[in-house]
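Undergrad: Marked as domain 'Pyrroline-5-carboxylate reductase catalytic N-terminal' by TrEMBL: 2-95. According to TrEMBL, the feature NADP(+) binding site maps to 6, 7, 8, 9, 10, 11. Marked as domain 'Pyrroline-5-carboxylate reductase dimerisation' by TrEMBL: 158-262.
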């Protein structure tokens, strides 16, 4: 089994690194094409993958083709693909629908629309997948197994994909902003930045793990931290007063709206 990536950006690099470290693929079984020759050489030197000279060469060489390019250049990429019935085409581009992919590749092609996230780099990724009707159950499970090397996968109807993008694919950026803001506050009160950052990041990591592994509602977990008249409830009340939750929801609305705009 071989896999190829058209586009060697951050998300592709995260997925490739995860696939190699999880031993789902050997570097020699991974081919990458990128229009940026310097970036491609750096990626090859760093991870040991096989560089490809063209999209056509890559498509002919591998069994699974991952379309890991920016949404705005996807139409150009699709125009350069031949579309083979026996191969599986996986898109990780936000806002590009199955219909749009089928229009470019052919309605009889095996296409899976996915949306991973960058924590795949540390095997903590979450990938949402939506296959078209040409992909059989065995092939879906094969792709799920491959992606399990970089985290978890979940199947979702395509109509929910744009909301999922906002919740899990774009959201690491929101979390990084939260961690950085907390770390800066630690610096404000005299704690070195590196330690402040670690304290904040571990709090996020542990809190997320409690949500995932506990049967408690997140708000109940929040209540468990808040002692009457204590420091935590004072902070929580200030967050409510300044619109913390509504700001998060507004950001997600903006993300969904942008994804829907890109889908048109």
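Placed from the backbone N, Cα and C atoms, the Cβ positions cover glycine too.
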Undergrad: Including all protein chains displayed, how many Cβ atoms other than that of residue 8 (NADP(+) binding site) lie within 10 Å of its Cβ?
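TA: Its Cβ has 24 other Cβ atoms within 10 Å.
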Undergrad: Name, in the order they occur in the sequence, the residues of the same chain whose CB lies under 8 A from the CB of residue 11 (NADP(+) binding site) and which sit 6 or more residues away.
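TA: Listed in sequence order: 68, 92, 116, 118, 120.
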Undergrad: Let me know how many other Cβ atoms fall within 10 Å of the Cβ of residue 10 (NADP(+) binding site).
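TA: Cβ-Cβ neighbours of residue 10 (NADP(+) binding site) within 10 Å number 10.
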Undergrad: Would you mind checking how many other C-beta atoms are within 10 angstroms of the C-beta on residue 6 (NADP(+) binding site)?
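TA: The answer is 25 other Cβ atoms.
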Undergrad: Using DSSP, how many residues in the domain 'Pyrroline-5-carboxylate reductase catalytic N-terminal' (2-95) fall into helix, strand and coil?
TA: 42 helix, 18 strand, 34 coil
Undergrad: Ranked by the number of other Cβ atoms within 10 Å of their own Cβ, which of the binding-site residues 7, 9 ranks first?
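TA: The residue with the densest Cβ neighbourhood is 7.
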Undergrad: Average pLDDT across the domain 'Pyrroline-5-carboxylate reductase catalytic N-terminal' (2-95)?
TA: 94
